[in-house]
Amino acid sequence: MSANILDGKAIAANIRRNIKKRVQERITAGLRPPGLAVILLGSDPASQVYVRNKRRACEEVGFKSLAYDLPADTTQANLLALIDQLNADSTVDGILVQLPLGGHIDAEQVIEQIRPDKDVDGFHPYNIGRLTLRLPLLRPCTPHGVITLLRTTGQDLRGLEAVVVGASNIVGRPMMLELLLAGCTVTICHRWTRDLHKPISEADIVVAAVGKPHLIQGKWIKPGATVIDVGFTRQPDGTLTGDVEFESARQRALWITPVPGGVGPMTIATLLQNTLYATEKLHE
């Protein structure tokens, strides 16, 4: 058996087309386009690539894209003041601060400074709390993008056994909440988990989000399972490698995401969805 490929790039392109159409309809009706402000601190090459991709996606669908590229030595006070300025700007529907930040910046305070209704990354404690209470508003982009991918398989997710490998605040923990909301029975694994292969071998859905190349062996995958590889590591030759042994896992899984081209495009597509939602449902 060779798994079906979950083509996040193609699915995300369709989402972006629908968003672009909706933005054009808004402009035709005399309404303003959604506005997204993206803040980049410093010149980390990986962060610059991520931010460039997000800004390009915004412009392609017709959003108003605001770029704030700040020097690495920007103070906490100045960064918070900029966020306050954007919070008060009625033409800005979403504020995104590219993580990670410098060691002198308190990232949690920065996230909490963003108005919850403009937190299109879905990281604010208010938005995580609503997701916990099964009242989602603006949802974390990567986890919700994964749910969108899973829905495209046509499976009924209710009652399925799901394993999340990785317990970060960005992906692992909100991923657990999204899967619970979808009706899955969820196990979350982390650095202290013993015998990692055991829960994985029983899982109908495996979401890997660690950033450790080939952590998950293909032979661990339950036949017919769905494998979502969120993690990626850039190798010395420039190629990207996921957390899962792709080729061997592909021989056992029913569905699997590639790296790259799987989850990454869905994260950006969900960011655009969140920004449009904030515009139409929270700011009008």
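Glycine residues also receive a Cβ, built from the backbone N, Cα and C atoms like all the rest.
The feature NADP(+) binding site is assigned by Swiss-Prot to Gly166, Ala167, Ser168, with sequence analysis given as support.
Shown here: features listed in Swiss-Prot, placed on the structure.
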residue : record               : Cβ within 10 Å
Gly166  : NADP(+) binding site : 23
Ala167  : NADP(+) binding site : 18
Ser168  : NADP(+) binding site : 15
Taking DSSP as the reference, which of helix, strand or coil describes Gly166 (NADP(+) binding site)?
coil
Using the CB centroid of Gly166, Ala167, Ser168 as the NADP(+) site centre, which other residues of the same chain sit with their CB within 8 A?
Val164, Val165, Asn169, Ile170, Val171, Gly172, Arg173, Ile188, His190, Ala209, Val210
